[in-house]
Amino acid sequence: MGTLRWHFLLQSLEDLQKNLFQLGSCLLVIQGEHEAVLRDHVPKWNITQVTLDAEMEPFYKEMEARVRRLGEELGFGVLSLVGHTLYDTKRILDLNGGAPPLTYKRFLHILSLLGDPEVPVRTPTAEDFQRCRPPDPALYECYRVPLPEDLKIPLESLSPWRGGETEGLQRLEQHLTDQGWVASFTKPRTIPNSLLPSTTGLSPYFSVGCLSVRTFFYRLSNIYAQAKHHSLPPVSLQGQLLWREFFYTVASATPNFTQMAGNPICLQISWYEDAERLHKWKTAQTGFPWIDAIMTQLHQEGWIHHLARHAVACFLTRGDLWISWEEGMKVFEELLLDADYSINAGNWMWLSASAFFHQYTRIFCPVRFGKRTDPEGQYIRKYLPVLKNFSSKYIYEPWTASEEEQKQAGCIIGQDYPFPMVNHKEASDHNLQLMKQVREEQNR
Ligand code: FAD
């Protein structure tokens, strides 16, 4: 987990602590390995019940099993709740005959059989806490939300995104006031290189549990019910949430979901291993301004638009570099505020045409893709200021500017900014052939 997400998480805990305090309760943060923490605190505080979020990730599934065994040993009850998804994914899988394969279309059909998801968990009020005895104030200091410096997290890199339910709810309300925008939302028409997010930007808040996906789902349903027309899945806003649910469902029943080996839904490909090229991609040194601007935004802010994720993921994998999606996924896992086991791996498999998506002949051009929605290159100028004085004609391919024009822009290609690391046309044609071969072999 990278620095930006650490800050986001600590801010979220800080906000939760503040909100609970206003309700007459508080949050005590215990640091340590879960088993040792429980062995220590269960007898000390006379704990009779441990409640946790049910998770897809094998790591947390194992943790839950261990907590249950410990409960039997130490005599506490364990309550595992489905709070991170709209549905209990087991119910969806049961209706699918137990396991993937599962297409989005079939998934929507199963949801229509299940009906609406469970209503959101109600926000607690002060009355809920009246029964509780507030903890001894001496405990607050001992179990306070840690500061970044306590965890040795560098302070210099702060994302403009602020963590916490308060901030997440504000963002939600802001978007939902524009009911026309909500009703007509069509994902492919949103803009990857707008200077402010053109989609809701709620993913970091869902990801660390600041916002309930069910609250969002029901608020959208209410708006749709009042609208004459509204967009539909897969492109509508509710459709986006259902993509999330879809990846959670498939991930929950797929062994080795975050890797290629031993993953039954993933195409087996001999990707190149090239640490130097991977490093250039990760550190925004590919020489393609559109790709490097996106990777810079990712480093600086921890969030990038979905189609921007498409662009850099395709470039790394089947488009240009032929490097494994697992490597890209790990970089996203470190840098994204919304990094998520199921969604991250699922989308990386999609973009690399390893699973879910099979129109592999569609390769994004690292020059034309961004130009379509931002011909002046404002986004590139913001994130790559070294290129900001190039005219719009050259901003996406500054290596084509003459020496004189480069001098005038104050940026010499090969010196102040790299040459493109590949010839896109040659690389993508070659990779297309490789992908064809892999598919033919595996079909056989
Ligand atoms: P909106 O368009 O406003 O959508 C609302 C919500 O729907 C999002 O907050 C998110 O929870 C969900 N959603 C939207 N698109 C998708 C999608 N394609 N798949 C699943 N859920 C979706 N999203 C993550 O939350 N965590 C990740 O680790 C992650 N990794 C990704 C990796 C790649 C290579 C790609 C292409 C996409 C990835 N996404 C990931 C999906 C998507 O890009 C983000 O969820 C979305 O951009 C978040 O912005 P938003 O909240 O404005 O989305």
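In case you wondered, yes, glycine gets a Cβ from its N, Cα and C as well.
Features as listed in TrEMBL:
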- 199-203, 240-247, 338-340: FAD binding site (BINDING)
- 1-86: domain 'Photolyase/cryptochrome alpha/beta' (DOMAIN)
- W271: site 'Electron transfer via tryptophanyl radical' (SITE)
- W325: site 'Electron transfer via tryptophanyl radical' (SITE)
- W348: site 'Electron transfer via tryptophanyl radical' (SITE)
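Restricting the recorded positions T199, G201, W243, E245, F247, W271 to those with a CA within 10 Å of the CA of W348 (site 'Electron transfer via tryptophanyl radical') leaves an empty set.
Cα of G201 (FAD binding site) to Cα of W325 (site 'Electron transfer via tryptophanyl radical'): a span of 24 Å.
Candidate recorded positions: E245, F247, W271, W325. Those with a Cβ under 6 Å from ligand 1, in sequence order, are F247. Between the candidate recorded positions, F247, W325, the densest Cβ environment within 10 Å is the one around W325. Cα of L241 (FAD binding site) to Cα of W271 (site 'Electron transfer via tryptophanyl radical'): a span of 31 Å. Counting residues per DSSP class in helix, strand and coil order gives 49 helix, 10 strand, 27 coil for the domain 'Photolyase/cryptochrome alpha/beta' (1-86). Counting in whole angstrom, W271 (site 'Electron transfer via tryptophanyl radical') lies 30 from S203 (FAD binding site) by their C-alpha atoms. Each residue contributes its Cα atom, and for T199 (FAD binding site) and W325 (site 'Electron transfer via tryptophanyl radical') those atoms are 25 Å apart. Summed and averaged per residue, pLDDT over the domain 'Photolyase/cryptochrome alpha/beta' (1-86) gives 94.
A sphere of 10 angstroms centred on the C-beta of L241 (FAD binding site) encloses 21 other C-beta atoms. Calculated from their C-alpha atoms, the gap between W325 (site 'Electron transfer via tryptophanyl radical') and A339 (FAD binding site) amounts to 15 Å.
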